[in-house]
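Novice: Quick paste from TrEMBL:
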- 15-33: transmembrane segment (TRANSMEM)
- 89-108: transmembrane segment (TRANSMEM)
- 149-172: transmembrane segment (TRANSMEM)
- 178-200: transmembrane segment (TRANSMEM)
- 229-248: transmembrane segment (TRANSMEM)
- 268-288: transmembrane segment (TRANSMEM)
- 300-318: transmembrane segment (TRANSMEM)
- 324-346: transmembrane segment (TRANSMEM)
- 358-381: transmembrane segment (TRANSMEM)
- 387-412: transmembrane segment (TRANSMEM)
Amino acid sequence: MSYSSPAQQHRRRELWAWLILGCAATNVIFLGGKRRAFGVFVAQLHAEFNGTISLAELNWIGDSYAAVGYMTTTLSTSVILSSGRRFQFFQMLGTLAILLACITSAFVPNPHWLFLTHTVFHGVGSSLILSTVGLVVNEHFDKQHPYHILATTLVSGGSIASILFVQLYAYLIELYTWRNAFIILGVIYFFVNISGSIFFTKREELPPYSSNKQCFGAFWEVERSKVPYLLLWFLDRVMTSIVTYGMLLNLADYVRRRESSLTKSSHLTLLFASGEASTYAIAAVLAIATKDFLKGRLKYILSVTTFIMACSLVYWEVVASNKTLSYILAYISGFCMGPSITFLFPAGEEMTTLPGHLAYPFSLAGMGVGMALSPSVTAMIAERYEYRYFFVIQGFLIFIKFLALLLIIIMLKAASRRDRYELLKQLDVETATQQQQQLEHDPEAYSELERGDIAVGRRTAATIVNSKIN
C-alpha cells in the first residue's frame, strides 16, 4: 500500500484546484463569448425578418437569456448549497439545458419562439453553470489563498472569448445559416460544459454550509451599514450591463445598415470586445506576477476607467461619421469597460464588503436587471432615431455609473476612518488602564522612561491598526 506524505497530498490538492480553475474559466469564457457575440445573430435576424420583428425584440432575445441566468443565480446558489454542494450534478443539469436550448432554437418557425427556446432553456442552464463555477472556485481559492484575485478574475473573463466568437459566429452564419449555427454551437458547448461534471469536486475537509450561509437567508441578515454599498453597487452593475450589451448587440446592426457583409459589419463589435479582452489579459498577468497587488485598488481602477469611457462615448457621438476614429473609440470604450467586467467577482467583494459566495450572485443579479432593461434604453432609441444620440446616451449612463462608484469610495473611506478612530480610541483606553494599574501596583517604579516606552508601544500598535485597516 503506497503512502503519500502530507506535502505530496497538498501538492495533489493544489494541482486539482488549478485544474478546476482552468475548467471553470473555460466555461465562463464560452458562456460570455456567446453573450457578447449574439449581436451577430441579431443583425442577421433583423435583416432576414425585418418587418415581422423589431430590433428591440431581438435585443430582448439576446439579453433575456443572460438576464434570466444572472438574476436567478442567487436562487441557484442557494439550491446548490442546501443540496450539499453537489457541483458535478448541477453542472450536468446546466449542460443539458444549454444543449436543449441550442437544438430547439434551430427549429423555431420565427424568432419570437426564441423567447422560449433560447431565453428560458439557455437562461436556466447559464444560471446553474455560473452558480456552480462561482462556488467551486471560491471554495478552492478562498480569500486566504495567495491567488484569490487571479482565480476570481479568471472566472469573470467572458470578454476574452469575444475576439474569437464574434468572427466565428459571423462565419458560421454566413457559411451554414443561423439555424445550423445554433446546432454547431450546441455541440461545442456540450463538450465544453460537460468537462465541469468531471472536475468540479468540493473540498471534503470543509463542513457543510449552514443555513445562514445560503444566499437568500444571508441577504436578509446583512448589516444595515452595508445596505448603501449594496444599492450603489447594484446601480453600478445595472448601468454596466445596459451599456455593455447595448453596444455589443447593436454595433453590428449599426454598421450593417450601410455594409452588406455580415463579417465586416461585426468589426466595431470585435474592436469593442477586443478592448474588453485586453484588460482581462493584463489583469491575469498582473495577478500572476504580483498575487495581491490589485487587492484594495480595484475601486480606483474601476472609477478612473469608467470616467474615461464616459468621455469617450460622448466624443464618439460627435465623430461617429469618421470611420477611423470610430474604430479607435470602439477599442478604447471596450478597454475602459473591461475592468468592470473582468473584476466582477473580486470588485464585488471589495465594493460590497460581502464574502464571495454572496457578492458574486448579487453582482450577477444587478447585471441581469441591466440586461433586461438594455433593449428599452438602447435598441428602441437606436431604431426610432436611427442611432442618433445613441453614443451620448450610453455616455450619460456610464457617468451615472461613475457617480455610484465615487460615492462608494467616499463611503468606504469614511467607514475606514471611523474604524481607525474607534480602534485607536479603544487602544487609548486599554493603555490608560494598564498605566493606572501599574501606578497603583508600584508608583515609584513607574518612571518617565517607562511612560515613554508605553507611549512608543501605543504608537507602534496604532501603526499596525492603520496598516490592517488600509
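Every residue, even glycine, has its Cβ placed from backbone N, Cα and C.
Curation does not apply to TrEMBL; its annotations are automatic.
Explain the structural surroundings of these features, please.
Specialist: Long-range contacts of the transmembrane segment (178-200) within the same chain: residues 16, 19-20, 23-24, 26-27, 30, 34, 41, 44-45, 48, 87-89, 91-92, 94-95, 98-99, 101-103, 105-107, 125, 129, 132-133, 136, 169, 172, each at least 6 residues beyond the stretch ends and with a Cβ under 8 Å from a Cβ of the stretch.
Away from its own ends, the transmembrane segment (229-248) comes close to residues 35-39, 59, 62-63, 66, 162, 222, 269, 272-273, 313, 333-334, 337, 340-341, 348, 351-354, 362-363, 365-371, 373-374, 377-379, 394, 397-398, 400-401, 404-405, 407-408, 411-412 of its chain (Cβ-Cβ under 8 Å, at least six residues beyond either end).
Within its own chain, the transmembrane segment (268-288) has Cβ neighbours under 8 Å at 36-37, 39-40, 147, 149-150, 153-154, 157, 159-163, 166-167, 247-248, 251-252, 254-255, 294, 326-327, 330-339, 341-343, counting only residues six or more beyond its boundaries.
Note on the transmembrane segment (324-346): residues 134, 148-149, 152-153, 155-159, 236, 240, 243-244, 247, 251, 267-268, 271-280, 283, 294-295, 298, 301-302, 305-306, 308-309, 312-313, 315-316, 356, 359-360, 363-364, 367, 401 of its chain, located 6 or more positions outside it, place their CB under 8 angstroms from a CB of the stretch.
Nonlocal intrachain contacts for the transmembrane segment (358-381), taken as residues 6+ away from its ends with a CB within less than 8 angstroms of a stretch CB, comprise 54-60, 63-64, 66-74, 76-77, 130-131, 134, 138, 215, 218-219, 230, 233-247, 249-250, 344-345, 347-349, 352, 389-390, 393-394, 397.
Packing against the transmembrane segment (387-412) from elsewhere in the chain are residues 228-229, 232-233, 235-236, 239-240, 242-243, 246-247, 250, 254, 257, 299-300, 302-303, 306-307, 309-314, 316-317, 320, 340, 351, 353, 377-378, 381: each is 6 or more residues past its ends and has a CB under 8 Å from a CB in it.
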Novice: Given a Cβ distance threshold of under 8 angstroms, which distant residues of the chain, six or more beyond its ends, lie next to the transmembrane segment (15-33)?
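Specialist: 126, 129-130, 133, 136-137, 140-141, 151, 154-162, 164-165, 188-189, 192-193, 195-196, 198-201.
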Novice: Below 8 angstroms Cβ to Cβ, which residues of this chain, lying six or more residues outside the transmembrane segment (300-318), approach it?
Specialist: 243, 294, 325-326, 329-330, 332-333, 335-340, 343, 347, 389-392, 394-396, 398-399, 401-402, 405-406, 409
